[in-house]
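Visitor: Pulled these from TrEMBL:
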DOMAIN    299-493  domain 'Glycosyltransferase 2-like'
TRANSMEM  93-116  transmembrane segment
TRANSMEM  149-167  transmembrane segment
TRANSMEM  465-494  transmembrane segment
TRANSMEM  500-518  transmembrane segment
TRANSMEM  643-662  transmembrane segment
Amino acid sequence: MASPNSVLVTTEKSTNDFTLLQVHDSDSQMFLEKKQKAASLKQFSWFLLLKLHKVLTCLSWLNTGFKSTFALVKKRISLSGISDEDPKYRGRLYRVIMVFLALSIGALVIEIIAHFNKWNLHSMMVKPFEVQSLLHWSYMAWLSFREDYVAPFVLLVSKFCIVLFMIQSLDRLVLCLGCFWIKFKKLKPTIEADAHDVEDPSSFPMVLVQIPMCNEREVYAQSIGAVSQLDWPKDRILIQVLDDSDDSNLQLLIKDEVSTWKDKGVNIIYRHRLIRTGYKAGNLKSAMSCDYIKDYEFVAIFDADFQPNPDFLKLTVPHFKGKPDLGLVQARWSFVNKDENLLTRLQNINLCFHFEVEQQVNGHFLNFFGFNGTAGVWRIKALEESGGWLERTTVEDMDIAVRAHLNGWKFIYLNDVKVLCELPESYEAYKKQQHRWHSGPMQLFRICLPAIITSKISKWKKANLIFLFFLLRKLILPFYSFTLFCVILPFTMFIPEAELPLWVICYIPIVMSFLNILPSPKSVPFLVPYLLFENTMSVTKFNAMVSGLFQLGSAYEWVVTKKTGRSSESDLLALVERESKSSNEDKILRRRSESGLELLGKLKEAEKHQKKKRNKLYRKELALAFLLLTASARSLLSEHGLHFYFLLFQGLSFLVMGLDLIGEQVS
């Protein structure tokens, strides 16, 4: 038997006649084992310290973020103004939402009491002697009444909304398939090879270009500059700057800009109406009444924030050659500020789908779509035969498009011709824009329905106009979106018998949102925010749809969308062509006129008295936020799972909108 400190040596003979020595030292082996244990213990300690450091860093970051967010919200509530909506109209929907909120809070309190008293939260049979109190008896009576009367009614309404939801989803799917077919077949409008003789300027048609604007201080210069550089024979084009501004200082600035380009040889004139009636429609109607209009064959229209490329007319006007029934050529919008903030990113998703899918499919298969009001070229004959610009709605562009379609004119959409413009960067500006875009179509539907029914177009085109263009996409979409996800869904949390299935609140909406986001693939990471954002905007769209349909006070409200005057890399050429003009003040001083010096003084005086703009609070969004959060608390009691998460995040998105924490942040 070997001693503890002995060394055991064994010899083995291998097949290759080599001797293998194995030395067994028990002390050495124990030392190695202890060393390995100490090293692993030290590594484990470092691992725990690193994890603890990460946790503490994360907690510190969350704490800082929570404190800053809480401080921001507190400051916003104390300093913000109330929403600028019409108080009379705001009260109608707001009061309805507040009634639902009060009922949901009361129901939640009762459900919490029932939960902690271990009452059955579902319907059950209780014998009279088992009733513990008056509250318990009232609760059991409510369960019986809910199951017999309330649940069937809620189920009926929810099934109706689900049917509308599925029809609209099917329409969206068909549009996507149509877009895929266009891409797969590489279909696009074509022009004749000899549309215009480049060598002979007289072969180019006479084109009128109109820039309607109203108090567009931030963007008037870049728009006039871009249009003035359109590549078209100078004697075959006339630019009308149609200024409806009520600021005399701004009028002088715009006149000065027009004079600058006129001195460079551009055929451009300035027009200003003394009485601003009919908004944009009245402005365009007034401009088309000029005597010299009869000399022009086409008219291109650009809003004040649009910056067409120099080749715009050469890419659009030739499509009219050999197509006497073609009334409109519409180009696509491209956004200079689409990555400015979360709000502009989400708007970009919506509008990319509108242009890439809706406009392109309807233009190719139906030769009809709603005119976008800008970045399009009209045949003047089509405008005149369709009745010209009318002031009867706030969507004069859609109005003229529908009337032209009823008169047999065809439209072409060019997806590859893009015109730079701006997206609203603040929630306030976007909200006002969406109100006009969703109330106007309902006004127009009321007015145009008799004309559509009695028109000479085919029954298929009539059905498309009534059921798809107006009812499905302009009325049904905001109706079911608001009713189903903002009213019925939270209501069903207190009525388990009418609970909505998961495929309605999760699977189908995600698929539809994914289809919407496909035309802008870089926006895929914003899929969930986009879904929540669309549901949040449903209250504004529903609000506007109802006001337009029933001719309420805010239906005819027209507010010019706020612009920032952002530029892009493509504007550099325009800046060089404009001789790198530094500012309006320098431009006024160069003219060295008394009126210019006087205007400069007025501008400086106006800057001193300029008021700071503040973010606002939006009551309806805040009320819906608390309604959805209350419903999410109720779903948590019942362990609904996915319903809880949807209601929670949807409620938080409404809270963000209500506090105006999305988009441009101002003082």
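Residue numbers in this text run from 1 along the chain shown.
The backbone N, Cα and C atoms fix where each Cβ goes, glycine too.
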Visitor: Contact between the transmembrane segment (643-662) and the transmembrane segment (93-116) is defined here as three or more C-beta pairs under 8 Å separated by at least 6 residues; is that satisfied?
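Guide: Answer no: the transmembrane segment (93-116) and the transmembrane segment (643-662) share fewer than 3 Cβ pairs below 8 Å.
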Visitor: Give, as a single whole number between 0 and 100, the mean pLDDT over the domain 'Glycosyltransferase 2-like' (299-493).
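Guide: Across the residues of the domain 'Glycosyltransferase 2-like' (299-493) the model's pLDDT averages 95 on the 0 to 100 scale.
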Visitor: Based on Cβ pairs under 8 Å, which of the stretches 149-167, 500-518, 643-662 lies most in contact with the transmembrane segment (465-494)?
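Guide: Going through each listed stretch, the top one turns out to be 149-167.
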